[in-house]
Amino acid sequence: MVTTHNLGFPRIGAQRELKFGLERYWKGESSRDALKALGAELRARHWNAQRDLDLAPIGDFSFYDQVLDMSFTLGNLPKRVQGFHGDVLDNYFRVARGRSAQVVDEHGACCGGVSAGEMTKWFDTNYHYIVPEFHADTNFSLDPSCLLQQLAEARALGVAGKPVILGPVTYLWLGKEKDDSDRLALLPKLLPVYGALLDTLTAQGVEWVQIDEPILVTELDAEWRQALRTAYAALETRRIKLLLATYFGTLGDNLTLAASLPVDGLHVDAINARDEVDALVRELPADRVLSVGAINGRNIWKTDLNATLDWLEPLAKQLGDRLWIAPSCSLLHVPVDLASEEKLDAEIRSWLAFALQKLDELKVLATALNQGRDKVADALAANAAAIDSRRRSPRVNNPAVKAALARIDAQLGNRASPYTQRAPKQSARLNLPAFPTTTIGSFPQTADIRHARSQFKAGALDEAGYRAAMQAEIERSVREQESLGLDVLVHGEAERNDMVEYFGEQLDGYAFSQFGWVQSYGSRCVKPPILFGDISRPKAMTVEWITYAQSLTNKPMKGMLTGPVTILNWSFVRDDQPRSVSCYQLALAIRDEVLDLEKAGVRVIQIDEAALREGLPLRRAQWGEYLKWAVEAFRITANGVQDDTQIHTHMCYSEFNDIIASIADMDADVITIETSRSDMELLDAFDSFRYPNEIGPGVYDIHSPNIPTQDHIVGLMKKAAERIPAERLWVNPDCGLKTRQWAEVIPALTNMVAAAKTLRNQVQ
């Protein structure tokens with residue numbers, strides 16, 4: 001019999017209950033006990049939804065991040081949060097965001113907050129994790145209380161499950177040394193703690209543990225490969241079965257290593273690594289389980305169940321009970337329930353599967369494999385009809401878009417002149433001081449803004465009323481910026497619910513869910529639009545709002561657009577053509593918007609490519625192809641403008657050292673980047689690469705409520721000036737200010753502007 005299991009379930013709740021519960025707690029509007037009760041309620045609901053599985057995941061729920069959870073389980077807390085009184089949950093939030101609940105920190109020893117842990121992308125996804133911190137003297141100590149609590153809850157519900165933990169080698173790989181030490185040297189100290197954790201679970205009667213080592217789908221040098229051998233040789237002696245889980249890609253040259261590790265089962269991503277399954281069957285010892293991720297855990301399209309059975313059936317016959325099936329990865333990366341989508345176009349809806357529907361697909365596959373296809377004939381027929389409907393739909397294919405794509409030539413992405421000739425023209429037109437100040441784009445999405453938007457969408461507020469409300473918010477943003485003394489202004493994006501969804505709503509080829517939320521980090525959720533067909537722009541999308549904002553001030557007003565690569569990487573993308581083709585379609589559509597903004601007199605246009613790096617394949621050997629079309633798509637979007645129009649781009653959560661040449665090749669006049677959490681370490685890339693254009697290294701972390709001091713900002717910018725000529729430096733926050741409150745934004749920007757004025761006097 002084939003065994004079914006799941007690697008992880010979305011933790012936020014179908015209606016984002018966790019998000020709202022966290023935010024209530026942080027604001028002091030609810031108690032710690034209420035938050036913990038909400039967590040227990042969500043876990044129970046999610047386990048009940050997975051009752052049909054042979055093994056449900058236990059320990060996949062987190063109040064913020066599963067990597068941070070592992071740091072606490074291993075006793076690896078940064079020294080700056082040690083010694084505070086109160087519940088462990090409050091220290092947990094201090095690491096995550098610099099503060100815990102408002103009421104806790106106001107009466108505790110850290111009312112000024114602490115530095116939040118560094119946050120970066122989880123492999124090539126749009127989820128973010130808190131980076132573990134290591135020192136030469138780091139010690140580990142086991143605290144399994146959270147995992148044991150969840151195990152007890154699951155058992156009380158009668159749930160058959162397996163605890164899920166992050167593997168020791170991936171845990172070290174994901175972290176960062178805070179001194180000159182080598183984090184891999186900590187493995188001998190770490191392994192006994194993992195061994196003790198497995199012993200604890202054994203004592204609880206646990207049979208299987210899922211231990212995640214996704215680094216096996218990356219390029220590993222000899223040291224890291226040996227670390228995996230060492231780790232699992234040490235853990236082999238434990239009296240518990242280990243399912244080693246990999247996901248997000250192919251094993252490649254790590255296949256033999258993965259198959260040889262002394263574990264009891266191996267999970268592989270059969271969406272990306274289907275071609276490796278036969279080799280794994282040959283290489284795995286005859287007593288090992290092979291778990292295949294046959295359902296795409298990262299996208300929302302229905303699985304072609306009949307085609308999947310065509311290749312699973314011979315495998316089941318060959319492996320028998322040794323075959324397990326599951327989604328390719330944790331379902332954290334997809335929304336919870338398609339049944340909530342009552343307003344979604346019925347035809348498009350018929351093509352989709354969210355987390356609960358993916359579990360239904362898994363059940364159909366298992367029934368067909370265990371009892372024959374006849375047992376699920378109706379379900380298979382309905383699935384085949386949906387797959388065929390999508391394949392044949394004229395809504396997916398637009399001949400005019402394909403014709404425009406065919407007309408792209410090598411000149412379309414080139415500026416008329418090089419940066420050295422453009423810069424003086426832009427300087428003359430903009431007349432900016434040294435160390436010019438700006439923000440990244442968005443200002444706080446207040447309750448009034450959200451209320452007006454919801455009223456408008458519900459039909460309770462007419463278009464004129466909505467426009468007036470948004471114009472009032474734009475005017476507020478402009479007046480605040482003028483009062484602060486910022487040099488290049490933004491309109492604040494009051495009218496935008498999301499930097500990707502806003503554009504997708506106005507592009508043909510996109511559809512939108514009501515409740516298709518996925519977690520980005522902590523309480524931050526995003527609702528990726530659904531790119532289902534060929535993309536085109538029926539009309540201008542931003543010109544009216546930007547020109548209104550410009551009419552309110554004599555200072556330069558930035559046009560704000562999201563770039564094609566980011567729109568692509570932050571969407572659920574059609575899987576019936578190469579991603580590059582969809583990206584070029586987006587580039588042509590956004591290019592039209594850029595040119596319309598320029599015609600309207602907009603002097604500075606920002607095209608955000610926050611997600612450029614996260615689209616990189618996990619294996620460096622495949623980077624070249626991706627960067628070629630990604631950079632070309634940006635250039636097509638941006639480079640049709642005149643020399644005196646200044647193009648900005650923004651990138652966040654990016655390590656730039658290894659792609660700095662490609663970033664330079666984008667040829668944006670100004671790039672703004674996230675650097676503050678890394679204390680300007682990201683600028684190390686510029687030690688060996690002379691970046692030719694202007695740059696704004698982010699000087700304060702907008703993801704934390706902490707207010708940066710003027711001296712701190714001056715210090716960061718002086719570090720930047722050691723690497724980049726002062727005349728090419730801008731001063732700006734790390735990212736947009738949408739998620740902050742005005743009460744936090746005003747003092748932070750006040751200090752930022754004051755720091756810029758100090759720098760103009762101190763730095764020549």
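Even glycines carry a Cβ here, placed using N, Cα and C.
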Do you know which of D310, D321, D608 Swiss-Prot groups with I440, G441, S442, E493 in the L-methionine site? D608
Listed in Swiss-Prot for the Zn(2+) site shared with H650, C652, E674, one of C583, C735: C735
Swiss-Prot annotation, 5-methyltetrahydropteroyltri-L-glutamate site containing R16, E17, L18, K19, K121, R524, C525, E614 - matching residue among W47, W173, W545, W570: W570
Length of the line joining the Cα atoms of D608 (L-homocysteine binding site) and H650 (Zn(2+) binding site), in Å: 5
Rounded to an integer, what is the Cα-Cα distance in Å between E493 (L-homocysteine binding site) and C652 (Zn(2+) binding site)? 18
Annotated 5-methyltetrahydropteroyltri-L-glutamate contacts R16, E17, L18, K19, K121, R524, C525, W570, E614, maximal Cα-Cα distance (Å, integer): 27
Of the recorded positions R16, K121, I440, E614, H703, the one whose Cα sits nearest to the Cα of H650 (Zn(2+) binding site) is I440
In the structure shown, which of the binding-site residues R16, H650 has the fewest Cβ neighbours within 10 Å? R16
Measuring Cα to Cα, how many Å separate L18 (5-methyltetrahydropteroyltri-L-glutamate binding site) from S442 (L-homocysteine binding site)? 24
E614 (5-methyltetrahydropteroyltri-L-glutamate binding site), DSSP three-state class -> helix
